[in-house]
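Working notes, structure below.
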Amino acid sequence: MEVDEEQTTSTVSAETSIPSSDAPGMVSPVPASLPPPMQLVVPTIVPPSIVPPIAPIPPPTSVRPLAPLPVRPPSIRPPMSQNGEVGSTDSDSDHDDSGPGINKGTGEYEISEESRLIRERQEKAMQELMMKRRAAALAVPTNDMAVRTRLRRLGEPITLFGEREMERRDRLRMIMAKLDAEGQLEKLMKAHEEEEAVASAAKEEAEEDLQYPFYTEGSKALLDARVDIAKFSLVRAATRLDRARRRRDDPDEDIDAEIDWALKQAENLVLDCSEIGDDRPLSGCSFAADGKCLATCSLTGGAKLWSMPKLKKISTLKGHTERATDVAYSPVHNHLATASADRTARYWNDQGSLLKTFEGHLDRLARISFHPSGKYLGTASFDKTWRLWDIETGEELLLQEGHSRSVYGLAFHHDGSLAASCGLDSLARVWDLRTGRSILALEGHVKPVLGISFSPNGYHLATGGEDNTCRIWDLRKKKSLYIIPAHSNLISQVKFEPQEGYFLVTASYDMTAKVWSARDFKPVKTLSGHEAKVTSLDVLGDGRYIATVSHDRTIKLWSCNMAGEQTMDVD
């Protein structure tokens, strides 16, 4: 019944399109003729079933003009078309939709304002880069006065408010680069050079008669000293080499056993004696050649002699007017020399009498050292020079320059042929005393070098400095052999054991002194006991005693107690 009602309603809705003449005939025959309406409904039902799928078709037709909208943004694409891809489009619609950003006749495009600004920034950055490259290739003076002079010559202000030296130098560099780019630098500099040439012409005319040699002529005494040093060093070197060959070829010689014995002796070092050395901090110490005396100096300007091994005071040496900086015993006599901040070095006998005074330095002295022959004394000074003196005559034989800053340490080779100096320029130099030449410059320390010492083996050199490291240099290879990170503060003094060089001792401002093996440079012993900076040390000839002095005003004597052991043989 429900189906019949639905069919009747569909027929009524479908017959609304039939003309009005047929309407009266359809109302009366409904109960009598059911089959005919069913046949008539079939064609009328088909259109409603077809109409629903057709009904949603109009929306796509209305959406169809909106579909190309995502495709149309060629008007936004001009920045992307810089590679030349816009000119190669295939459809005509693309040309129509490209908008006003493209010229259809020539294939070129107009750059947007944003692209133009980006391009200008890129060009400006490239110009600045090229300007910096050109500036980096220019030679600019490093001296601040020279920089100011150059700025004045170029007509620029020599300084700006709040400008520092490096900023002023960078400004000069950029000004010169700009002038170079404009082609005006050579013209300006040529004009200024001509003005300088005219100004200096008068001075050159006055100095034409004076001719200076490229070297400093030495005195006859220096020549005799060089000959004497050469003769002395040849004999010592021959003796050292013969002994080394004999020990190498002799099957009974066991060098490793000797080194082990020496290191074991160093391991047994203990504090034997401690004595207050002066009223002010101590600055230097040195053992006598026979080991019976110890000399110390302090900031009071005086030096004292002490008996070994009980450290009983023997005498006091007074004569300096400023603080004493170092003391050294002669390797031949029981005479000693002291250095001071009063720019002089003094030579004393063992009785405390003044024998010679060496004057000539222009600034305070630092370390001093005797030549192995005992005839000459070397002094290092803050006037950037070290000097060699004849002890017998007191004459200055050699004034040696070579360091750019103050010279602090000085040491002589055990053969007597070489001298080594170190200074606040972080450099160590090796000099040939027979010719006067600088044969080696040892670069490696990054801070001032304060201590230097030759090894008795003849080819090792040790340096220590403010970078807390001790460097071992091989003179045969002319390079650094080993770097010892020795202390936590600066190293004030370095000394090899003077007989065989089996171990090395360093003193530091970290209040300790340390013993290192010369075979593999490993730590052997740490000498702790001082309460302030350790300023200097010395090692006795057989290695049995080590003396250290400190800012705590004490002298500490370290000794090894090896009962029943045989002492080291001395050739």
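The backbone N, Cα and C atoms fix where each Cβ goes, glycine too.
The structure displayed is predicted, hence computed values, not measured ones.
Annotation comment: TrEMBL describes 178-209 as coiled coil.
Among the features that TrEMBL reports, compositional bias 'Polar residues' is placed at 8-20.
The compositional bias 'Pro residues' feature in TrEMBL is assigned to 45-77.
Here TrEMBL flags 142-195 as domain 'Pre-mRNA processing factor 4 (PRP4)-like'.
The region 'Disordered' annotation in TrEMBL covers 1-116.
According to TrEMBL, the repeat 'WD' annotation covers 317-349 (among others). Sequence-distant neighbours of the repeat 'WD' (317-349) (same chain, 6+ residues past either end, Cβ-Cβ under 8 Å): 280, 283-290, 293, 295-305, 355-359, 361-370, 372-374, 377, 379, 381, 389, 391, 394, 536.
The feature repeat 'WD' is assigned by TrEMBL to 358-399 (among others). Sorting the repeat 'WD' (358-399) by DSSP state (H, G, I as helix; E, B as strand; all else coil) yields 0 helix, 23 strand, 19 coil.
Summarising the annotation, TrEMBL assigns repeat 'WD' to 400-441 (among others). Taken through DSSP, the repeat 'WD' (400-441) splits into 0 helix, 23 strand, 19 coil.
Feature annotation from TrEMBL assigns repeat 'WD' to 442-483 (among others). Mean per-residue pLDDT, taken over the repeat 'WD' (442-483), amounts to 94.
Annotated repeat 'WD' per TrEMBL: 484-526 (among others), in sequence order. Residues in the repeat 'WD' (484-526) partition by DSSP class (helix H, G, I; strand E, B; coil) as 0 helix, 23 strand, 20 coil.
What TrEMBL lists as repeat 'WD' is 527-559 (among others). Here the repeat 'WD' (527-559) has, by DSSP, the following mix of helix, strand and coil residues: 0 helix, 20 strand, 13 coil.
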(message) DSSP on the domain 'Pre-mRNA processing factor 4 (PRP4)-like' (142-195): how many residues come out helix, how many strand, how many coil?
(response) 39 helix, 0 strand, 15 coil
(message) Which sequence-distant residues neighbour the repeat 'WD' (484-526)? Criterion: at least 6 residues beyond either end, Cβ under 8 Å.
(response) 258-259, 262-263, 266-267, 269, 447, 450-457, 460, 462-472, 532-543, 546, 548, 550, 568, 570
